[in-house]
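**Student:** Structure incoming, see below.
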């Protein structure tokens, strides 16, 4: 059973990504118990290596793993968490406490008539431990000793490394020989083939209130001279109030009003002012996002480019198009189609697209580069993994909620920061992904990651 849990955790099973945000919807490839056991049973002594193979093999993951190992090598006295004691008063010789049996078990002190008694044997063992850890050898179980028994909390850099490594598990084991990779916090898109960069371009990604979703898909076609249908959120916030004031509001801005049943849609025809520019790249998905050109080219000169409603705007889209569409569609041929109506161009084969979220990158020399946590995802992952006890940041795409007044005399909620929900409150069911530009739904709770190999809440260190 432990091997099966290890394999599933290594492929991303420690936390359910969609519980962190409704905009995080990777399709995890979690191995089944039968598949794991069938693979391991005949392996004998090589089973450990086969288990390790369930971890990501991408260079980005391996670089972070190497950096983590180097960081831990600088902390030789860092130990695996040993025992986590519940909160309680400082203990001195002669006191009794329900935590004492845990302390006795930690130091191998059996045979006591009263296991809850903090006697001389326990105090002597605690004093020896304190001396080893550079603490005052008082034999008193004080807060510093309790913390030392639990093991030091990971430093910020270590926690960030672990959280970023966890997000590599959200990606498919095979990214594709040729694939498109967008790292949202980096504001970059790359077309990769056999580990080499074929093309790299700046991108504009979603604002925190309309984040670019995190998932993988397959690009199948491009559209030259695309039209644009205004998404519901912009229709509601901008166009409906304008049309209420002036029935010609949309027409004066160059848009068309299209009746659909009992409602309307607003369409922007192809042209140089179209919000999608001259070309868009489609990988059908539940979020209704894609990569596209933009008429606002000056925005690419900004260093911070979280400016869109969720889609990814690409700098130099025709160079990008030439790479993904292949040699039959050079830039000159594509540009000849401009102004001649919408034209769909199929890719020669499906192209994997990965919209990812990494706030740490390590180069070949081990140098780390930090990137902004645009949507607070890194912070939420750290809480879910038990690497941080800080309050959860607001989920990207959510409107601030106004707290309801509590009735007089009502007991306050006790919040569990790892869960992000009042203790005892029911966990909401996962929500179906929706278009990134639509009105946000209610936030979901974050479930702390299980820990099958260590003590509750402890950090497993063997397979990162």
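Cβ from N, Cα, C; glycine included.
Okay, these came from TrEMBL:
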- 178-347: domain 'L,D-TPase catalytic' (DOMAIN)
- 292: active site, proton donor/acceptor (ACT_SITE)
- 311: active site, nucleophile (ACT_SITE)
- 392-452: region 'Disordered' (REGION)
- 418-450: compositional bias 'Low complexity' (COMPBIAS)
**Student:** Over all shown protein chains, what is the count of other CB atoms within 10 A of the CB belonging to the residue listed as 'active site, proton donor/acceptor'?
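**Tutor:** Looking across every protein chain shown, the total is 25.
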**Student:** Taking the Cα atoms as reference points, how far is the residue listed as 'active site, proton donor/acceptor' from residue 311 (active site, nucleophile) in Å?
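**Tutor:** Per the Cα atoms, the residue listed as 'active site, proton donor/acceptor' and residue 311 (active site, nucleophile) stand 8 Å apart.
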**Student:** Looking only at Cβ atoms, how many others are within 10 Å of the one on residue 311 (active site, nucleophile)?
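**Tutor:** So the Cβ neighbour count for residue 311 (active site, nucleophile) comes to 26.
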